[in-house]
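Since the structure comes first, as structure tokens, the remarks are kept for the end.
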Amino acid sequence: MEPVDPRLEPWKHPGSQPKTACNNCYCKKCCYHCQVCFLTKGLGISYGRKKRRQRRGPPQGSQTHQVSLSKQPTSQPRGDPTGPKESKEKVERETETDPAVQ
């Protein structure tokens, strides 16, 4: 191994920079091109700012969908609207009058 000039910065040492520039190709050869390519392409690690995804515009039929939701009636409480006492009495009457149950 040849001696390196001590006055030279480490990133300027011979062989520290690849002879070809980095590119956007993701083939095996380009993924192992240099340490930066290996981290970003091979491992998928990037410490830069994340690109903000653009929100897609609403589909063309969405306006009618929103209108139909607002026209729906409000939810009603579950169970018999007459009340719990009346529903129990109604069940008792039905069981008394139904001869097939016995």
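Glycine too: its Cβ is placed from the backbone N, Cα and C atoms.
Annotated features, as they stand in Swiss-Prot:
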BINDING   Cys22, His33, Cys34, Cys37  Zn(2+) 1 binding site
COMPBIAS  83-96  compositional bias 'Basic and acidic residues'
MOD_RES   Lys28  N6-acetyllysine
MOD_RES   Lys50  N6-acetyllysine
MOD_RES   Lys51  N6-acetyllysine
MOD_RES   Arg52  asymmetric dimethylarginine
MOD_RES   Arg53  asymmetric dimethylarginine
REGION    1-48  region 'Transactivation'
REGION    38-48  region 'Core'
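Structure with Swiss-Prot features highlighted.
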| residue | record | Cβ neighbours (10 Å) |
| --- | --- | --- |
| Cys22 | Zn(2+) 1 binding site | 13 |
| Lys28 | N6-acetyllysine | 9 |
| His33 | Zn(2+) 1 binding site | 18 |
| Cys34 | Zn(2+) 1 binding site | 15 |
| Cys37 | Zn(2+) 1 binding site | 18 |
| Lys50 | N6-acetyllysine | 6 |
| Lys51 | N6-acetyllysine | 6 |
| Arg52 | asymmetric dimethylarginine | 6 |
| Arg53 | asymmetric dimethylarginine | 6 |
- [ ] Excluding Cys22, His33, Cys34, Cys37, please set out which residues of the same chain place their CB within 8 Å of the center of the CB atoms of the Zn(2+) 1 site, keeping sequence order.
- [x] Pro18, Asn23, Cys30, Tyr32, Gln35, Val36, Phe38, Lys41
Open item on the list: Just to be sure I understand, if DSSP states are collapsed into helix, strand and coil, how many residues of the region 'Core' (38-48) fall in each?
Closed with: 5 helix, 0 strand, 6 coil
Task: For the region 'Core' (38-48), the mean pLDDT of the predicted model - done: 85
TODO: Sorry to bug you, but what's the C-alpha spacing from Cys34 (Zn(2+) 1 binding site) to Lys51 (N6-acetyllysine), rounded to the closest Å?
DONE: 24
- [ ] Name the one residue among Cys22, Lys28, His33 whose Cα is closest in three-dimensional space to that of Arg53 (asymmetric dimethylarginine); these are the recorded positions.
- [x] Cys22
- [ ] Fill in the CA-CA distance, Lys28 (N6-acetyllysine) to Cys22 (Zn(2+) 1 binding site), as an integer in Å.
- [x] 13
- [ ] Give me the Cα-Cα distance between Lys50 (N6-acetyllysine) and Cys34 (Zn(2+) 1 binding site), rounded to a whole Å.
- [x] 22
